[in-house]
Amino acid sequence: MKEKENMRDNPIVAYEKRVISSIEEYKVVAVLSLIAFPLGAVVAFIEVVFGRGLMAVTGARLENPAGWTAFLPLAGVFIALIYKEFGKGTERGMALVFDAAEGKCSIPLRLAPLVIIASWMTHLCGGSAGREGVAVQIGATLADQAGSRLSRNKLFENSRDTFVICGIAAGFAGLFQTPFAAIFFSLEVLVCGELKYKSLFPATIAAFTSYFVAKACGLSGEHVAIHAPEFTLDLLWKLAVLGPVFGAVGAFFASTLRRTKKFLPVLIPNPIIRTGLFGLILGILFIALHYGRYSGFGTEITHAALTGGKIYAYDWILKLVLTILTLSAGFMGGELTPLFTIGSSLGAVVAGFLGLPPEFAAALGYSAIFGSATNTFLAPILIGTECFGAENLPALVIVCSVAFFANFNKSIYGSQKKLGI
């Protein structure tokens with residue numbers, strides 16, 4: 001007994017133990033990084049199929065908006081039926097991703113095809129939804145499947161979160177073509193206030209592999225060069241005003257979406273009736289409000305805001321409300337692309353009151369509302385830098401920082417943990 005105590009007190013023995021422990025950790029990181037190459041490639045191929053499918057159904061809808069939107073109630077019923085028949089255990093979507101990262105469950109493999117088909121149906125028939133949330137779920141599902149099998153090996157028994165993080169990074173980077181934002185989104189989204197540094201290198205490998213494979217297969221992202229005005233004290237106070245505005249809108253979107261998702265199933269418990277009824281109501285609204293302007297991603301509005309095109313003062317609020325209703329009723333799709341539309345259109349409107357270039361303010365809103373709604377800090381700064389150019393970095397840091405601290409710690413992800421923020 002005394003011999004063991006002496007060994008614990010011996011600094012040389014303690015140092016040797018730390019060295020051995022560090023070597024083991026580096027070995028795990030090295031092996032996970034090797035696994036991240038094929039994982040990123042597989043996720044990229046699935047994202048290419050998903051992305052091309054979205055482009056096809058969106059193109060079909062744009063050729064006949066009223067004709068396809070008339071089928072939104074039937075699409076809702078179809079989605080409810082396939083989830084009732086095949087989707088047991090997958091309905092929680094992103095919440096499963098957070099639970100899997102903590103080792104509480106495994107994400108069923110069937111989640112990926114179900115959410116892909118349901119998202120295609122939602123977009124074909126004019127629902128207001130995005131794609132990045134779905135891309136993240138696809139990546140996390142495939143990665144968690146690999147992680148759940150490999151975690152039986154003692155080497156990977158504490159690496160489930162790293163597998164999920166790699167999947168998130170690969171899914172985001174492949175579809176949206178912003179690898180740096182994807183890396184840091186994956187590292188910070190699970191726990192607000194904590195970066196999963198142990199997963200940094202594998203996530204980087206997964207993100208860039210997915211990015212290059214998807215790019216080689218023809219996927220492209222939203223990249224518009226935005227000129228930043230000269231940085232002055234006058235600009236500084238205007239940026240300080242924009243931050244709380246974007247933070248409050250992001251927080252409002254997050255809290256309202258979560259409350260509405262809880263309220264509508266209580267109001268109409270039967271998902272078939274709920275999606276059918278709201279499909280009918282939303283279909284009428286989508287056609288009545290500028291003939292499908294607020295259907296789908298909203299990228300036409302985003303592009304107009306970033307290039308000086310026509311923006312209505314109410315674009316952002318209508319997109320916000322219709323997206324919340326679409327996703328809360330039971331239709332499928334992501335939240336992030338609509339957030340880009342909400343942020344860019346709001347930025348273009350607010351720019352007029354502050355005397356800022358509308359394209360510049362739109363780029364800031366695009367990034368900051370994404371950050372405030374997801375309760376992430378570094379990812380929105382990086383996505384703005386990748387999409388709009390590095391000259392906007394100082395303004396992005398200021399606006400996104402203020403928006404992050406002004407969002408009342410709200411997030412569209414109810415399972416996101418928060419550490420003292």
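For all residues, glycine too, the Cβ spot is worked out from N, Cα and C.
According to TrEMBL, the feature transmembrane segment maps to 26-46, 66-83, 162-185, 197-214, 235-257, 272-291, 312-332, 338-356, 363-383, 389-408.
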Selection from 26-46, 197-214, 235-257, 272-291, the stretch that has most Cβ pairs under 8 A to the transmembrane segment (312-332): 272-291
Residues from the same chain, set at least six apart from the ends of the transmembrane segment (363-383), whose C-beta lies under 8 A from its own: 178, 180-181, 184-185, 188-189, 192, 195, 224, 226, 239, 242-243, 246-251, 253-254, 302, 305-306, 335-336, 339-340, 342-348, 350, 392-393, 395-397, 399-401, 403-404, 406-407, 409-413, 416, 418
Any contact, the transmembrane segment (197-214) to the transmembrane segment (162-185), with at least 3 Cβ pairs under 8 A: yes
Same-chain residues at least 6 beyond the ends of the transmembrane segment (235-257) whose Cβ lies under 8 Å from its Cβ atoms: 229, 316, 320, 323-324, 327-328, 335, 339, 342-343, 346-347, 350, 354-356, 361, 364-365, 368-375, 395, 398-408, 410-412
Chain residues in Cβ proximity to the transmembrane segment (162-185) (below 8 Å; excluding those fewer than six residues from its ends, i.e. six or more beyond): 32, 35-36, 39-40, 43-44, 47-48, 50-51, 97, 100-101, 131-132, 135-144, 146-147, 150, 195-196, 198-200, 202-211, 213-215, 219-223, 374, 376, 378-380, 382-383, 385-387
Beyond the flanks of the transmembrane segment (66-83) by 6 or more, those residues with Cβ under 8 Å of it: 60, 90-91, 114, 117-118, 121-122, 124-127, 271-272, 274-280, 282-283, 286-287, 291-292, 295, 329-332
